[in-house]
Amino acid sequence: MKVTVLGGGNWGTTVASLVARRHDAMIWARNSAVVEEINKDHRNSAYLAGFDLNPKLKATDDFEQAVRHAELLIMGVPTGAVRETSANTRKLIRPWIPVVSLAKGFEQGSLLRMTEVIREELPNHPVAALTGPNIAREVMAGQAAASVVATPDLAVARALQQVLSSGLFRVYSNEDVIGCELGGALKNVVAIACGMAEGLGVGDNTRALVMTRGLAELMRLGVAMGGQATTFAGLAGMGDLIATCLSPASRNRSVGEKLGRGMSVAEITGGMTMVAEGLKTAVTTHELAQRYQQDLPIHETIYGVVTGSVDPTEAYRGLGPTPGHENEPG
Ligand code: 13P
(Lines of atoms letter the chains of each structure in order from A and count residues from 1; the text may use other names and numbers.)
(Lines give C-alpha, C1' and ligand atoms only; values in the text may rest on other atoms or scores of the structure.)
Protein backbone atom coordinates (compact mmCIF):
# COMPACT_ATOMS: atom_id res chain seq x y z
CA MET A 1 0.00 0.00 0.00
CA LYS A 2 1.12 3.57 -0.67
CA VAL A 3 1.23 5.46 2.61
CA THR A 4 2.04 9.13 3.14
CA VAL A 5 2.86 10.76 6.45
CA LEU A 6 2.49 14.54 6.53
CA GLY A 7 4.92 16.06 9.03
CA GLY A 8 8.56 15.24 9.74
CA GLY A 9 8.55 15.55 13.54
CA ASN A 10 9.66 12.72 15.81
CA TRP A 11 6.43 10.70 15.88
CA GLY A 12 5.52 11.23 12.21
CA THR A 13 9.01 10.12 11.22
CA THR A 14 8.83 7.09 13.51
CA VAL A 15 5.47 5.95 12.12
CA ALA A 16 6.68 6.51 8.55
CA SER A 17 9.83 4.49 9.20
CA LEU A 18 7.84 1.61 10.73
CA VAL A 19 5.32 1.56 7.87
CA ALA A 20 8.16 1.63 5.28
CA ARG A 21 9.19 -1.88 6.32
CA ARG A 22 6.22 -3.42 4.49
CA HIS A 23 4.71 -0.59 2.47
CA ASP A 24 5.59 2.09 -0.05
CA ALA A 25 5.97 4.94 2.46
CA MET A 26 6.61 8.61 1.80
CA ILE A 27 7.02 11.42 4.31
CA TRP A 28 6.40 15.09 3.63
CA ALA A 29 8.37 17.62 5.63
CA ARG A 30 8.30 21.39 5.26
CA ASN A 31 12.01 21.67 5.97
CA SER A 32 14.11 20.75 2.93
CA ALA A 33 17.17 19.99 5.09
CA VAL A 34 15.12 17.32 6.92
CA VAL A 35 13.98 15.89 3.56
CA GLU A 36 17.51 15.77 2.20
CA GLU A 37 18.87 14.08 5.30
CA ILE A 38 16.14 11.42 5.27
CA ASN A 39 16.74 10.65 1.58
CA LYS A 40 20.55 10.70 1.70
CA ASP A 41 21.49 9.50 5.17
CA HIS A 42 18.22 7.83 6.29
CA ARG A 43 18.27 9.96 9.42
CA ASN A 44 16.28 12.83 10.90
CA SER A 45 18.81 14.17 13.36
CA ALA A 46 16.82 17.29 14.31
CA TYR A 47 13.99 15.15 15.72
CA LEU A 48 15.35 11.63 16.19
CA ALA A 49 19.06 12.05 16.79
CA GLY A 50 21.01 8.81 16.81
CA PHE A 51 18.45 6.64 15.01
CA ASP A 52 18.67 5.09 11.55
CA LEU A 53 15.40 5.22 9.61
CA ASN A 54 14.21 2.52 7.28
CA PRO A 55 16.20 3.15 4.07
CA LYS A 56 13.08 2.46 1.97
CA LEU A 57 11.37 5.57 3.37
CA LYS A 58 11.23 8.37 0.78
CA ALA A 59 10.95 12.01 1.80
CA THR A 60 9.73 15.03 -0.13
CA ASP A 61 9.02 18.69 0.47
CA ASP A 62 6.57 18.64 -2.46
CA PHE A 63 3.17 18.61 -0.73
CA GLU A 64 1.22 17.79 -3.91
CA GLN A 65 3.42 14.80 -4.75
CA ALA A 66 3.13 13.52 -1.18
CA VAL A 67 -0.67 13.75 -1.00
CA ARG A 68 -1.22 12.32 -4.48
CA HIS A 69 0.97 9.33 -3.52
CA ALA A 70 -1.31 8.31 -0.65
CA GLU A 71 -3.72 5.39 -0.49
CA LEU A 72 -3.57 6.00 3.26
CA LEU A 73 -2.83 9.48 4.59
CA ILE A 74 -1.34 9.96 8.05
CA MET A 75 -1.58 13.44 9.55
CA GLY A 76 1.56 13.92 11.64
CA VAL A 77 1.70 17.71 11.98
CA PRO A 78 1.17 19.48 15.35
CA THR A 79 -2.43 20.26 16.38
CA GLY A 80 -2.13 23.93 15.36
CA ALA A 81 -1.40 22.94 11.74
CA VAL A 82 -3.95 20.13 11.32
CA ARG A 83 -6.83 22.21 9.93
CA GLU A 84 -4.76 24.07 7.37
CA THR A 85 -2.87 20.96 6.31
CA SER A 86 -6.12 18.97 5.96
CA ALA A 87 -7.72 21.76 3.93
CA ASN A 88 -4.66 21.90 1.68
CA THR A 89 -5.02 18.20 0.85
CA ARG A 90 -8.65 18.56 -0.29
CA LYS A 91 -8.00 19.07 -4.01
CA LEU A 92 -5.17 16.52 -4.12
CA ILE A 93 -6.24 13.55 -2.00
CA ARG A 94 -7.60 10.39 -3.68
CA PRO A 95 -11.33 9.87 -3.05
CA TRP A 96 -12.45 7.99 0.06
CA ILE A 97 -9.00 7.04 1.38
CA PRO A 98 -8.65 6.85 5.18
CA VAL A 99 -6.92 9.60 7.13
CA VAL A 100 -5.17 8.81 10.43
CA SER A 101 -4.56 11.53 13.00
CA LEU A 102 -1.42 11.38 15.16
CA ALA A 103 -1.55 14.71 17.02
CA LYS A 104 -2.80 14.61 20.61
CA GLY A 105 -4.64 17.77 21.49
CA PHE A 106 -7.46 20.14 20.54
CA GLU A 107 -7.98 22.99 18.13
CA GLN A 108 -7.77 26.15 20.17
CA GLY A 109 -10.91 28.26 20.16
CA SER A 110 -13.26 25.64 18.64
CA LEU A 111 -12.22 23.07 21.29
CA LEU A 112 -12.58 20.38 18.63
CA ARG A 113 -10.70 17.08 18.73
CA MET A 114 -8.30 16.40 15.86
CA THR A 115 -10.49 13.83 14.09
CA GLU A 116 -13.35 16.34 14.23
CA VAL A 117 -11.16 19.00 12.60
CA ILE A 118 -10.04 16.58 9.87
CA ARG A 119 -13.61 15.41 9.26
CA GLU A 120 -14.76 19.02 8.84
CA GLU A 121 -12.12 19.56 6.17
CA LEU A 122 -12.35 16.10 4.55
CA PRO A 123 -15.97 15.03 5.08
CA ASN A 124 -15.86 12.15 2.59
CA HIS A 125 -13.00 10.27 4.20
CA PRO A 126 -12.97 7.77 7.07
CA VAL A 127 -10.93 9.33 9.87
CA ALA A 128 -9.17 7.50 12.71
CA ALA A 129 -6.84 8.46 15.56
CA LEU A 130 -3.68 6.53 16.45
CA THR A 131 -2.96 7.06 20.13
CA GLY A 132 -1.29 5.31 23.05
CA PRO A 133 1.89 5.17 25.14
CA ASN A 134 4.30 5.83 22.29
CA ILE A 135 7.48 7.62 23.17
CA ALA A 136 8.98 7.90 19.68
CA ARG A 137 12.58 7.13 20.61
CA GLU A 138 11.61 3.86 22.33
CA VAL A 139 9.58 2.72 19.32
CA MET A 140 12.52 3.60 17.04
CA ALA A 141 14.78 1.56 19.32
CA GLY A 142 12.56 -1.45 18.54
CA GLN A 143 11.24 -1.87 22.06
CA ALA A 144 7.84 -3.52 22.46
CA ALA A 145 5.04 -0.96 22.42
CA ALA A 146 1.33 -0.79 21.74
CA SER A 147 -1.06 1.77 20.38
CA VAL A 148 -4.76 2.06 19.62
CA VAL A 149 -6.41 2.89 16.36
CA ALA A 150 -9.68 4.59 17.22
CA THR A 151 -12.48 4.67 14.67
CA PRO A 152 -16.17 3.78 14.74
CA ASP A 153 -15.78 1.62 11.62
CA LEU A 154 -14.48 -1.84 12.48
CA ALA A 155 -13.56 -2.67 8.88
CA VAL A 156 -11.41 0.48 8.67
CA ALA A 157 -9.89 -0.34 12.07
CA ARG A 158 -8.89 -3.83 10.95
CA ALA A 159 -7.30 -2.52 7.74
CA LEU A 160 -5.37 0.15 9.65
CA GLN A 161 -4.22 -2.35 12.27
CA GLN A 162 -2.71 -4.42 9.46
CA VAL A 163 -0.85 -1.49 7.95
CA LEU A 164 0.35 0.13 11.17
CA SER A 165 1.40 -2.97 13.14
CA SER A 166 5.06 -3.74 12.69
CA GLY A 167 7.48 -5.96 14.57
CA LEU A 168 7.02 -5.36 18.28
CA PHE A 169 4.72 -2.38 17.67
CA ARG A 170 1.25 -3.79 18.26
CA VAL A 171 -1.94 -1.94 17.33
CA TYR A 172 -5.26 -2.51 19.10
CA SER A 173 -8.57 -1.03 18.01
CA ASN A 174 -11.24 0.88 19.92
CA GLU A 175 -14.54 2.27 18.67
CA ASP A 176 -14.55 4.94 21.40
CA VAL A 177 -12.91 7.72 19.41
CA ILE A 178 -13.90 10.41 21.92
CA GLY A 179 -12.39 8.57 24.89
CA CYS A 180 -9.21 7.65 23.02
CA GLU A 181 -8.59 11.17 21.74
CA LEU A 182 -9.37 12.76 25.09
CA GLY A 183 -7.05 10.36 26.91
CA GLY A 184 -4.18 11.20 24.54
CA ALA A 185 -4.76 14.94 24.80
CA LEU A 186 -5.56 15.43 28.48
CA LYS A 187 -2.78 13.24 29.83
CA ASN A 188 -0.25 15.78 28.51
CA VAL A 189 -1.47 18.25 31.16
CA VAL A 190 -1.04 15.62 33.88
CA ALA A 191 2.46 14.94 32.51
CA ILE A 192 3.28 18.63 32.99
CA ALA A 193 2.06 18.26 36.60
CA CYS A 194 4.23 15.16 37.05
CA GLY A 195 7.24 16.92 35.55
CA MET A 196 6.66 19.82 37.92
CA ALA A 197 6.73 17.34 40.77
CA GLU A 198 10.11 16.12 39.51
CA GLY A 199 11.39 19.68 39.26
CA LEU A 200 10.27 20.35 42.82
CA GLY A 201 11.98 17.18 44.02
CA VAL A 202 8.95 15.29 45.33
CA GLY A 203 8.83 11.59 46.13
CA ASP A 204 6.96 8.59 44.75
CA ASN A 205 3.85 9.13 46.88
CA THR A 206 3.27 12.51 45.28
CA ARG A 207 4.07 11.12 41.82
CA ALA A 208 1.46 8.39 42.36
CA LEU A 209 -1.06 10.92 43.70
CA VAL A 210 -0.70 13.15 40.65
CA MET A 211 -0.98 10.27 38.20
CA THR A 212 -3.91 8.56 39.91
CA ARG A 213 -5.97 11.66 40.57
CA GLY A 214 -4.98 13.00 37.16
CA LEU A 215 -6.46 9.85 35.64
CA ALA A 216 -9.65 10.38 37.66
CA GLU A 217 -9.88 13.85 36.10
CA LEU A 218 -9.36 12.48 32.58
CA MET A 219 -12.17 10.04 33.17
CA ARG A 220 -14.46 12.62 34.76
CA LEU A 221 -14.22 15.08 31.87
CA GLY A 222 -13.98 12.32 29.27
CA VAL A 223 -17.21 10.63 30.37
CA ALA A 224 -18.99 14.01 30.56
CA MET A 225 -17.93 14.58 26.94
CA GLY A 226 -19.23 11.20 25.77
CA GLY A 227 -16.21 8.91 26.20
CA GLN A 228 -16.44 5.49 27.85
CA ALA A 229 -14.96 5.09 31.34
CA THR A 230 -13.25 1.82 30.40
CA THR A 231 -11.25 3.54 27.65
CA PHE A 232 -9.44 5.59 30.29
CA ALA A 233 -8.19 2.41 31.97
CA GLY A 234 -6.66 1.30 28.66
CA LEU A 235 -3.64 2.16 26.51
CA ALA A 236 -5.04 5.49 25.32
CA GLY A 237 -5.79 6.58 28.91
CA MET A 238 -3.81 5.11 31.77
CA GLY A 239 -1.17 3.64 29.46
CA ASP A 240 -0.27 6.92 27.81
CA LEU A 241 -0.56 8.77 31.10
CA ILE A 242 1.99 6.48 32.76
CA ALA A 243 4.47 6.61 29.86
CA THR A 244 4.28 10.37 29.47
CA CYS A 245 4.39 11.13 33.20
CA LEU A 246 7.42 8.88 33.75
CA SER A 247 9.49 9.28 30.60
CA PRO A 248 12.40 11.74 30.75
CA ALA A 249 12.05 11.81 26.92
CA SER A 250 8.54 13.32 27.13
CA ARG A 251 8.39 16.94 26.00
CA ASN A 252 5.41 17.63 28.24
CA ARG A 253 6.99 16.16 31.33
CA SER A 254 10.20 18.06 30.64
CA VAL A 255 8.26 21.34 30.31
CA GLY A 256 6.78 20.62 33.74
CA GLU A 257 10.18 19.82 35.19
CA LYS A 258 11.55 23.16 34.00
CA LEU A 259 8.50 24.99 35.37
CA GLY A 260 9.13 23.27 38.70
CA ARG A 261 12.72 24.52 38.61
CA GLY A 262 11.53 28.10 38.22
CA MET A 263 11.75 28.72 34.46
CA SER A 264 8.94 30.67 32.78
CA VAL A 265 6.83 29.26 29.91
CA ALA A 266 8.43 31.78 27.51
CA GLU A 267 11.95 30.74 28.53
CA ILE A 268 11.08 27.06 28.13
CA THR A 269 9.31 27.25 24.76
CA GLY A 270 11.97 29.66 23.40
CA GLY A 271 14.51 26.85 23.63
CA MET A 272 12.36 24.09 22.07
CA THR A 273 12.26 22.91 18.44
CA MET A 274 9.37 20.54 19.14
CA VAL A 275 5.88 21.30 20.42
CA ALA A 276 4.72 20.34 23.92
CA GLU A 277 0.99 20.09 23.22
CA GLY A 278 0.08 20.08 26.92
CA LEU A 279 0.74 23.82 27.25
CA LYS A 280 -2.11 24.60 24.84
CA THR A 281 -4.22 21.71 26.08
CA ALA A 282 -4.11 23.16 29.61
CA VAL A 283 -5.95 26.22 28.31
CA THR A 284 -8.45 24.18 26.29
CA THR A 285 -9.12 21.85 29.23
CA HIS A 286 -9.89 24.84 31.43
CA GLU A 287 -12.53 25.91 28.88
CA LEU A 288 -13.90 22.37 28.53
CA ALA A 289 -14.13 21.97 32.31
CA GLN A 290 -16.27 25.10 32.44
CA ARG A 291 -18.43 24.03 29.51
CA TYR A 292 -19.06 20.56 30.98
CA GLN A 293 -19.11 21.84 34.58
CA GLN A 294 -16.45 19.45 35.88
CA ASP A 295 -14.02 20.01 38.76
CA LEU A 296 -10.49 19.23 37.58
CA PRO A 297 -8.14 20.50 40.30
CA ILE A 298 -4.88 19.19 38.80
CA HIS A 299 -5.71 20.48 35.32
CA GLU A 300 -6.87 23.78 36.81
CA THR A 301 -3.63 24.13 38.76
CA ILE A 302 -1.54 23.55 35.64
CA TYR A 303 -3.73 26.05 33.77
CA GLY A 304 -2.88 28.55 36.52
CA VAL A 305 0.84 27.79 36.26
CA VAL A 306 1.06 28.02 32.45
CA THR A 307 -0.97 31.24 32.36
CA GLY A 308 1.14 32.75 35.15
CA SER A 309 -1.44 33.10 37.93
CA VAL A 310 -0.14 30.22 40.08
CA ASP A 311 3.44 29.76 41.24
CA PRO A 312 4.67 26.16 40.75
CA THR A 313 5.87 26.00 44.34
CA GLU A 314 2.31 26.81 45.47
CA ALA A 315 0.80 24.39 42.96
CA TYR A 316 0.65 21.28 45.08
CA ARG A 317 -1.77 22.91 47.47
CA GLY A 318 -4.42 22.53 44.77
CA LEU A 319 -4.17 18.77 44.70
CA GLY A 320 -6.30 17.92 47.74
CA PRO A 321 -9.81 16.48 47.41
CA THR A 322 -12.39 18.80 45.88
CA PRO A 323 -15.80 18.97 47.53
CA GLY A 324 -18.00 16.31 45.94
CA HIS A 325 -15.02 14.16 44.92
CA GLU A 326 -13.72 12.95 48.29
CA ASN A 327 -14.58 9.32 47.50
CA GLU A 328 -12.42 7.25 45.18
CA PRO A 329 -12.47 6.71 42.28
CA GLY A 330 -14.85 9.54 41.39
P1 13P B 1 5.51 14.09 24.44
O2 13P B 1 5.30 14.57 25.85
O3 13P B 1 6.96 13.98 24.09
O4 13P B 1 4.74 14.93 23.45
O5 13P B 1 4.95 12.61 24.32
C6 13P B 1 3.66 12.45 24.68
C7 13P B 1 3.05 11.20 24.19
O8 13P B 1 1.95 11.30 23.73
C9 13P B 1 3.70 9.87 24.35
O10 13P B 1 2.79 8.85 24.06
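Cβ atoms here come from the backbone N, Cα and C positions, even for glycine.
As the structure is a computational prediction, the values presented were derived from the model and not from experiment.
Here TrEMBL flags 2-155 as domain 'Glycerol-3-phosphate dehydrogenase NAD-dependent N-terminal'.
What TrEMBL records for G7, G8, G9, N10, W11, G12, A136, R251 is NAD(+) binding site. DSSP assigns R251 (NAD(+) binding site) to a helix. Its Cβ placed at the centre, R251 (NAD(+) binding site) has 22 other Cβ atoms within 10 Å.
All protein chains considered, the CB of E277 (NADPH binding site) has 24 other CB atoms within 10 Å. What TrEMBL records for W11, R30, Y47, K104, A136, R251, V275, E277 is NADPH binding site.
According to TrEMBL, the sn-glycerol 3-phosphate binding site annotation covers K104, G132, K187, D240, S250, R251, N252. For K104 (NADPH binding site), the same-chain residues 6+ apart in sequence whose C-beta sits under 8 angstroms from its C-beta are T79, M114, T131, E181, G184, A185, N188, D240, E277. According to its DSSP assignment, K104 (NADPH binding site) is coil.
The substrate binding site feature in TrEMBL is assigned to K104, R251, N252. Sequence-distant contacts of N252 (sn-glycerol 3-phosphate binding site), defined by Cβ-Cβ distance under 8 angstroms and a gap of at least six in the same chain, are N188, V189, A191, I192, G195, T244, A276, E277, G278.
Among the features that TrEMBL reports, domain 'Glycerol-3-phosphate dehydrogenase NAD-dependent C-terminal' is placed at 176-315. Per-residue confidence over the domain 'Glycerol-3-phosphate dehydrogenase NAD-dependent C-terminal' (176-315) averages 94 (mean pLDDT, predicted model).
DSSP gives K187 (sn-glycerol 3-phosphate binding site) a helix state. Within 10 Å of the C-beta of K187 (sn-glycerol 3-phosphate binding site) there are 33 other C-beta atoms, taking all protein chains into account. Residues or ranges marked as active site, proton acceptor by TrEMBL: K187.
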With every protein chain in view, how many other Cβ atoms are within 10 Å of the Cβ of W11 (NAD(+) binding site)?
23
May I ask for the distance between V275 (NADPH binding site) and A136 (NAD(+) binding site), taken between their Cα atoms and rounded to an integer number of Å?
14
Do you know offhand how many angstrom separate R251 (NAD(+) binding site) and Y47 (NADPH binding site) by C-alpha?
12
For ligand 1, pick out the binding-site residues G7, Y47, K104, D240, S250, N252 that have a CB under 6 angstroms away from one of its atoms.
K104, D240, S250, N252
Same-chain residues at least 6 apart in sequence with Cβ under 8 Å of the Cβ of G12 (NAD(+) binding site), in sequence order, are V5, L6, I27, I74, G76, V77, L102
Determine how many residues of the domain 'Glycerol-3-phosphate dehydrogenase NAD-dependent C-terminal' (176-315) DSSP places in helix, in strand and in coil.
106 helix, 0 strand, 34 coil
